[in-house]
Amino acid sequence: MKKIAVLTSGGDAPGMNAAVRAVVRYGVRHGLEVIGVRRGYSGLIDGDFVKLEYKDVAGITEKGGTILRTSRCEEFKTEEGRELAAKQIKKHGIEGLVVIGGEGSLTGAHLLYEEHKIPVVGIPATIDNDIGLTDMCIGVDTCLNTVMDAVQKLKDTASSHERAFIVEVMGRHSGYIALMAGLVTGAEAIIVPEIPVDYSQLADRILEERRRGKINSIIIVAEGAASAYTVARHLEYRIGYETRITILGHVQRGGSPTASDRRLALSMGVEAVDALLDGEVDVMIALQGNKLVRVPIMEALSTKKTIDKKLYEIAYMLS
């Protein structure tokens, strides 16, 4: 193997740049030519390629986002689109592809291998942390720290005004961010897609906390469970006073990655190149315990990842 490519796809996650840097520098150290694909699968179809040298990735580890840029490509979801991408790969003599992204991106990588035998290795990067068979995805730790910092600031003003704040965080199908953020900030309630919410019980809990002298309430809701406005309507009707809503939105995706995310991304980037050199393809690099392992992409994607129900109960007891 002499020439490989790397792309970032789907929603950006802090640490993607660190993974790109590792792929490029480790690849170059092993005598490989490394090609960067701009704009994810859209760039793969269009042939938007750039050769990346050692110096091109200097100083990017600490940067959020992705220097390669990213996109969500509808064309790549078609067989015709993937055929165009495969033709570009073969035309440019690329012998292996590292795909950094979430569920959709990894599915695309698998299809490239299944349909066109393009050697691919996936690196899980998504702040939702909803990919199976890996304990952690790139970007999760940074996102959690961003949410934690925001909630702590909201608690200051919530206490000053004796108010209840409803904080909506990302997580369409997974409540991981909401659960962990709620646990570490001592939120009074955590609403996640995996567990049905009883608004009457929630209101009773908030009112009971008020009777015990607590002057603020923080409710963290994952976007996939309910909108913050829906939660507010249900609660205000039952508790009899106004709430305040904060939707953190895309601020959760940005920012300089934490030390934990940088280390994970750099390690996964190195392991991805090793997997290609070893001829072990159609695999995803996963963190299990404290060890990086290679698992089949579709096995990871077909393994449903759920939140820790015991941790959810602990968060409730400690709030």
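Start at 1 and count along the chain as shown; that gives each residue its number.
Placed from the backbone N, Cα and C atoms, the Cβ positions cover glycine too.
The active site, proton acceptor annotation in Swiss-Prot covers Asp128. Taken from Swiss-Prot, the feature ATP binding site applies to Gly11, Arg72, Cys73, Gly102, Glu103, Gly104, Ser105, supported by sequence analysis. Summarising the annotation, Swiss-Prot assigns ADP binding site to Arg21, Ala22, Val23, Val24, Arg25, Lys155, Gly186, Ala187, Glu188, Arg212, Lys214, Ile215, Asn216 and lists sequence analysis as the type of evidence. Taken from Swiss-Prot, the feature Mg(2+) binding site covers Glu103. Taken from Swiss-Prot, the feature substrate binding site covers Thr126, Ile127, Asp128, Arg163, Met170, Gly171, Arg172, Glu223, Arg244, His250, Val251, Gln252, Arg253.
What Swiss-Prot annotates, mapped onto the structure for a quick look.
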residue: Arg21; record: ADP binding site; Cβ contacts under 8 Å, 6 or more apart: Val57, Ile60, Thr61, Leu266, Gly269
residue: Val23; record: ADP binding site; Cβ contacts under 8 Å, 6 or more apart: Ile4, Val6, Val34, Val98, Gly269, Ala272, Val273
residue: Cys73; record: ATP binding site; Cβ contacts under 8 Å, 6 or more apart: Ser9, Gly40, Tyr41, Ser42, Ile45, Gly81
residue: Gly102; record: ATP binding site; Cβ contacts under 8 Å, 6 or more apart: Gly10, Gly11, Ala13, Pro124, Ala125, Thr126, Asp128, Asp130, Ile131, Cys137
residue: Glu103; record: ATP binding site; Cβ contacts under 8 Å, 6 or more apart: Thr126, Asp130, Ile131, Leu301
residue: Lys214; record: ADP binding site; Cβ contacts under 8 Å, 6 or more apart: Glu188
residue: Arg244; record: substrate binding site; Cβ contacts under 8 Å, 6 or more apart: Ala158, Arg163, Ala164, Phe165, Ile166
residue: Val251; record: substrate binding site; Cβ contacts under 8 Å, 6 or more apart: Thr146, Ala150
Based on Cβ atoms within 10 Å, give me the single least packed residue among the binding-site residues Arg25, Arg72, Arg172, Arg253. Arg172
Here the binding-site residues are Gly11, Gly186; which one has the lowest number of other Cβ atoms no more than 10 Å from its Cβ? Gly186
Ser105, Thr126, Asn216: which of these binding-site residues has the sparsest Cβ neighbourhood within 10 Å? Asn216
Looking only at Cβ atoms, how many others are within 10 Å of the one on Gly104 (ATP binding site)? 18
In Å, rounded, how far does the Cα of Met170 (substrate binding site) sit from the Cα of Ser105 (ATP binding site)? 18
Among Arg72, Gly104, Ser105, which are recorded as binding-site residues, the nearest neighbour of Arg172 (substrate binding site) by Cα: Gly104
Hey, what's the Cβ neighbour count for Glu188 (ADP binding site) at 10 Å? 20
Taking the recorded ATP site as Gly11, Arg72, Cys73, Gly102, Glu103, Gly104, Ser105, identify the other residues of that chain whose CB atom sits within 8 Å of the mean position of the site's CB atoms, giving them in sequence order. Ser9, Gly10, Gly40, Gly101, Gly108
Is Gly104 (ATP binding site) helix, strand or coil when read with DSSP? helix
When you rank Arg25, Gly186, Asn216, Arg253 by Cα distance to Arg72 (ATP binding site), which of the binding-site residues ends up on top as the closest? Arg253
Using a 10 Å radius around its CB, how many other CB atoms surround Met170 (substrate binding site)? 24
Nearest-integer angstrom distance between the alpha carbons (Cα) of Arg25 (ADP binding site) and Gly104 (ATP binding site): 26
